[in-house]
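Feature annotations, reproduced from TrEMBL:
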- 1-25: signal peptide (SIGNAL)
- 68-194: domain 'Multidrug resistance protein MdtA-like barrel-sandwich hybrid' (DOMAIN)
- 102-161: domain 'Multidrug resistance protein MdtA-like alpha-helical hairpin' (DOMAIN)
- 201-274: domain 'CusB-like beta-barrel' (DOMAIN)
- 281-349: domain 'YknX-like C-terminal permuted SH3-like' (DOMAIN)
- 355-397: region 'Disordered' (REGION)
- 364-397: compositional bias 'Low complexity' (COMPBIAS)
């Protein structure tokens, strides 16, 4: 009798507990919008409000030389002289390399000798044809031979001039790849010449910011090599098309570099003065997701995840401007949206910051719905076998 009475009391207590839990859990469920017993994914979210957007646009890019060329010979030959010091400055037209000119000079001498002979033959033919002592065709043949020999002389002179390799522009010479006495072939790399004053910087901006940038726009550049220093310049060119893959447009700027402190290839951070200040909707970078060319976020509507495609604009540290798709007051999921089970219409439970990853057991697993927690073991299940035996024994006098 005692055992049946005790079990009845436990059943009543359990029913009262479930009823109380249902009343206490009413507010969170209502906030999340999910019905009791519905699976809910723990997430973190923020409510969008217009935020001040700092003047200017920040991006990154790479420094490049204003002019850069690899010096290569047009003809084969042996290097006879080198006219520069590695790393030094050279002027436009200055000799850099001289190849052994002996063969080219001999070819020019031969061509000039042939030209003298053909010139004499052409002059004699002219006299004879005027006296009608030779056919007109013979005179034409002599004239043609004279023209061919003149062309051969010009070719030989050009070949001789190519024995000297000159700087196409003023700049700083790099490290040479060859030495005096080396035999080089046509097109072989010998040395690099760069002009880095002014120096250029290539970078890109999102297509949403295209209307705010243009030629002549001021920029400021910083590099890791000179922390705290800013180098001023201006945009000199904007690409005529938008890159379909990244939805961005390429730009090029020039920065004065008289002391040559900035070097081609350096990583640069840029700030553009867009002369635009105001408010914008900014979402945390981690909230933004991408599928192919489509960018989207998940918002919370009536306790369920809703996928919303968005267009983005400028970037600031840690956040991205949303130009289309969202409005003030929208609740945007910032953590938990990348879990495998997330989908359109998924029930979600908004937790405090930092709690979404640890909620619901293992990462990526939804929290156990309310009312489905494992039942606790009853006292009768946990009681030692000996105690149950004593109780049973107590029922018999």
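Placement of Cβ uses the backbone N, Cα and C atoms for every residue, glycine included.
TrEMBL annotations: computationally assigned, not manually curated.
Across the domain 'Multidrug resistance protein MdtA-like alpha-helical hairpin' (102-161), the prediction's mean pLDDT works out to 89. Using DSSP to sort the residues of the domain 'YknX-like C-terminal permuted SH3-like' (281-349) gives these counts of helix, strand and coil: 3 helix, 40 strand, 26 coil. With DSSP states grouped into helix (H, G, I), strand (E, B) and coil, the domain 'Multidrug resistance protein MdtA-like barrel-sandwich hybrid' (68-194) comes out at 55 helix, 29 strand, 43 coil.
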